[in-house]
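Before any comments, here is the structure.
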Amino acid sequence: MNSTTKENKETIRPVFPFTAIVGQEEMKLALILNVIDPKIGGVMIMGDRGTGKSTTIRAIADLLPKIEVVKDDLFNSHPMDVDLMSDENKKTLQDGVALTTSYINVPMVDLPLGATEDRVCGTIDIEKALTEGIKTFEPGLLAKANRGILYVDEVNLLDDHLVDILLDSAASGWNTVEREGISVRHPARFVLVGSGNPEEGELRPQLLDRFGMHAEIRTVKDPELRVKIVEQRTNFDQNPRRCIEDCQKTQNDLKEKIAEAQLLLSNITIDYDLRIKISQVCGELDVDGLRGDIVTNRAAKAYAAFNGQQNVKSSDIGKVITLCLRHRLRKDPLEAMDSGEKVQKVFNKIFEEEN
């Protein structure tokens, strides 16, 4: 048993530690808040090539505690929460049969650009269903990503209808596959993370609006910081095990902080006057719909929980509001101001009495 575990540890590809990543604080914060509260709705990360987008996203999964699942279940079903459980397991539970469980690492699923709809959603064996009357379902990537993270690199190059499917599943928490009158559904609640380079094309505004947060990252200009980043990467490439060991304490501290924030989240309160001001900011920025208001409220609570507070302060809102609103503003070709700066300016104006 021990030798097998040792072999498995040796064969696992080392992941660059999250806490060793230098700079890019906005991207790191967006990922942490989505992990604390997946209902924020995922994050879109846009930035230059070679700025550590993929490295950071893959590193976040390493910070998450193991999750309890129904053993040998195709959908990583939760053993008690019916909203995160397949219909088959739900029926087993209702029949009074105990479910066998096991612990697994939080799934981190990569969605390749060339993926088909069947690969994403899963397929039903129509022939078997018609001839033998057996509903056979081959799970797709959405099933594997349930209760985990689904990462789409170059999401701006993915087919729009696939992005739609991902966003629908992420919002509803369920994936339904229908073929020839036969229907199968399963839980598909995950944190959707997309990344891309704006030079290669933008997402449609309707799709962009569905992402909870939008982080923009730039190439680091400070020479000292660049040298530090190069050193960190060189150390990791030369001796990944040692680099991981050196960061073990900071990794564990952050892991504990995230776990505590997840427990604290449901008790966080946000005063009515602060909620009014959030909606005032959204109104003044002419944000369509109410997604901006909802996500900003959620993100502010997650940020307060991350800092171990019971109540949301205006400074907490200031830290997250740009991430939540910058991609929801209408594009104005004559506007000289960056959308993030515009959000911050309106926030400062409305919250100035408290600052």
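The backbone N, Cα and C atoms fix where each Cβ goes, and this holds for glycine too.
Per Swiss-Prot, ATP binding site is recorded for Gly47, Asp48, Arg49, Gly50, Thr51, Gly52, Lys53, Ser54. Arg49 (ATP binding site) falls within neither a helix nor a strand when secondary structure is assigned with DSSP, and so counts as coil. Cβ neighbours of Arg49 (ATP binding site) (same chain, under 8 Å, six or more residues apart in sequence): Asn197.
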Open item on the list: Cβ within 8 angstroms of the Cβ centroid of Gly47, Asp48, Arg49, Gly50, Thr51, Gly52, Lys53, Ser54: which residues besides those meet this for the ATP site?
Closed with: Ser195, Asn197, Ile217, Thr219
- [ ] Give the number of CB atoms, excluding that of Ser54 (ATP binding site) itself, located within 10 Å of its CB.
- [x] 15
